[in-house]
Amino acid sequence: MLRVAGRRLFSVSQRSSTATSFVLSRDHTLSDGGNSSSASRSVPSADLSSFNSYHRSVIRGFASQVITQGNEIGFGSEVPATVEAVKTPNSKIVYDDHNHERYPPGDPSKRAFAYFVLSGGRFVYASVLRLLVLKLIVSMSASKDVLALASLEVDLGSIEPGTTVTVKWRGKPVFIRRRTEDDIKLANSVDVGSLRDPQEDSVRVKNPEWLIVVGVCTHLGCIPLPNAGDYGGWFCPCHGSHYDISGRIRKGPAPYNLEVPTYSFLEENKLLIG
């Protein structure tokens with residue numbers, strides 16, 4: 001548009017100079033022809049008026065042409081110029097691609113390689129994630145050393161009748177008592193209904209001769225003393241809880257009987273705790 005305006009202005013200046021030279025030459029010719037002074041003055045004034053009208057018409061034509069040119073590219077319409085340029089492209093519209101870097105389209109033959117790389121990366125990622133999950137699960141499971149410590153094998157051949165042996169299992173003391181016939185009769189003669197934590201003696205033992213209980217008081221976790229108390233079983237010196245020969249609470253603040261751990265007899269004189 002600026003180029004068009006420059007051309008119009010240049011053409012107007014040329015026309016103006018041509019008209020001016022024409023009027024001056026006309027005036028000079030008339031004055032040299034020997035006519036009167038009034039005639040020589042009237043001719044240039046008429047020529048000047050015609051020149052002014054011609055000059056105004058040229059300017060009006062230039063303005064109308066500029067407006068028409070503006071309307072052609074969409075400045076005079078309600079639609080924005082950019083939208084109009086997109087709808088009606090022409091050779092006069094030039095786009096500046098300096099700030100818009102254009103990349104050439106990709107080669108279709110390389111798509112297979114790109115898909116292969118992406119798929120392979122996903123499989124590798126899934127494999128690594130699977131290994132991490134498996135390692136986490138394995139680390140959370142107990143090892144063989146821990147499982148070995150979780151169970152304890154005890155030889156019962158050296159325990160005399162009427163005595164109690166204390167072993168350590170999972171950081172806790174375990175009482176193993178070999179009961180006599182009198183101890184068994186005394187444990188079965190108790191009225192279960194009168195107990196704070198009622199349990200039959202047959203429920204607490206697998207072999208009536210052997211009683212296996214965890215040596216921790218159910219009150220506050222103290223270790224009771226064997227072969228002590230008012231009932232011939234265990235006595236807790238911390239707060240005065242009394243347990244009978246079956247490990248049941250008979251007196252004192254303890255709310256429950258002594259805990260019976262999981263155990264089994266491997267052989268006649270072999271005991272496995274845990």
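Keep in mind that glycine also has a Cβ here, set from the backbone N, Cα and C atoms.
Cross-referencing 29-48, 69-88, 229-248 with Swiss-Prot places the feature region 'Disordered' at 29-48. Put simply, Cys238 (disulfide bond) is 9 Å from Cys217 ([2Fe-2S] cluster binding site) when counted between their Cα atoms.
Around the Cβ of Cys222 (disulfide bond), 16 further Cβ atoms fall within 10 Å across all displayed protein chains. Taking the C-alpha positions, the distance from His239 ([2Fe-2S] cluster binding site) to Cys222 (disulfide bond) comes to 9 Å. Fewest Cβ neighbours within 10 Å among the recorded positions Cys217, Cys236, Cys238: this applies to Cys238. Around His219 ([2Fe-2S] cluster binding site), the same-chain residues at least 6 positions away in sequence with a Cβ under 8 Å from its Cβ are Cys236, Cys238, His239, Ser241, Gly252, Pro253, Ala254, Pro255. According to DSSP, Cys222 (disulfide bond) is assigned to coil rather than to any helix or strand.
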